[in-house]
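Chemist: Sharing a structure below in structure tokens format, with a few things to ask.
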Amino acid sequence: MKKGVPTYLVTVLLFALACSLTSASDPSPLQDFCVASKDSNEFVNGKFCNDPMRATANDFFFSGLDKAGDTSNRQGSNVTAVNVDNLAGLNTLGISVARIDFAPYGLNPPHTHPRGTEVIVVLEGTLYVGFVTSNIDNRNRLFTKVLNKGDVFVFPVGLIHFQWNMGNTNALVFAALSSQNPGVITIANAVFGANPPINPDVLTKAFQVDKNVINYLEQQFK
């Protein structure tokens, strides 16, 4: 130990570093696995575990990501998520995956994952992707990139991001997220489709537009 650096200070710094690392994703498991139980009506931060002696290979198995999702909707995209709700063996493992299909010029609209970082790999098509930083010095920096087949891009946890298929052919992306249940907040849906609705006066002032514009936008998300 260098002279002048108290042992207790080093201990505190190491503890702080450990806390910052462990808070970056879901809590670490305390056993080999914790297959999520669907029988409990109690709410906890995660899922209750089944008896590990009753676990089978099917608890760690999901089939269907080879099938394209239905993109015949207004956005022209479809997300097939594989998380703890449909793959019980993911419980406590701090990871989930998704397949994202895009029709020509389809969009996965601006959204956030409040509990997970997302990394994607493009398998088909050409995508314009990006994310916006938080209100640091009121700058809200936009980072964008055009991705082609085989390219990888990461969206930091909690930041607004999007993916848009630039081409006139279908596109396909696979994503991995650093949470068993990362959640998703689609910005336009949350703001203009809240239930009950946000007071139009609030949105009129927030977006600095005429109230008729807000009323129109709210009608689109009913």
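Every residue gets a Cβ built from N, Cα and C, even glycine.
The oxalate binding site annotation in TrEMBL covers ASN108, HIS113, GLU118. Per TrEMBL, the feature Mn(2+) binding site maps to HIS111, HIS113, GLU118, HIS161. Sequence annotations record features per position, and here TrEMBL assigns disulfide bond to CYS34-CYS49. Per TrEMBL, domain 'Cupin type-1' is recorded for 63-215.
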Chemist: Nearest by CA distance to ASN108 (oxalate binding site): which of the recorded positions is it, out of CYS34, CYS49, HIS161?
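Modeler: Among CYS34, CYS49, HIS161, HIS161.
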Chemist: Roughly where does the domain 'Cupin type-1' (63-215) sit in mean pLDDT, to the nearest integer?
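Modeler: When the pLDDT values over the domain 'Cupin type-1' (63-215) are averaged, the result is 96.
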Chemist: Using C-alpha atoms only, work out the spacing between HIS111 (Mn(2+) binding site) and CYS49 (disulfide bond) and round it to an integer in Å.
Modeler: 31
Chemist: Are there any residues at least 6 positions away along the chain from HIS161 (Mn(2+) binding site) with a Cβ closer than 8 Å to its Cβ? List them or say none.
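Modeler: Looking at Cβ-Cβ distances below 8 Å from HIS161 (Mn(2+) binding site), excluding near sequence neighbours, one finds PRO110, HIS111, THR112, GLU118, VAL129, GLY130, PHE131, VAL132, PHE155.
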Chemist: Ten-angstrom check, please: count other Cβ atoms within 10 Å of the Cβ of HIS111 (Mn(2+) binding site), all chains counted.
Modeler: 20
Chemist: Return the residues near HIS113 (oxalate binding site), defined as same-chain residues 6+ apart in sequence whose C-beta is under 8 angstroms from its C-beta, sorted by sequence, else 'none'.
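Modeler: Within the chain, HIS113 (oxalate binding site) has Cβ neighbours under 8 Å at PHE155, VAL157, GLY158, LEU177, SER179, PRO182, GLY183, VAL184, ILE185.
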Chemist: Determine the Cβ neighbour count for CYS49 (disulfide bond): the number of other Cβ atoms within 10 Å of its Cβ.
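Modeler: Cβ-Cβ neighbours of CYS49 (disulfide bond) within 10 Å number 18.
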Chemist: What count of other C-beta atoms do you get within 10 angstroms of the C-beta of ASN108 (oxalate binding site), across all chains shown?
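Modeler: Other Cβ atoms found within 10 Å: 24.
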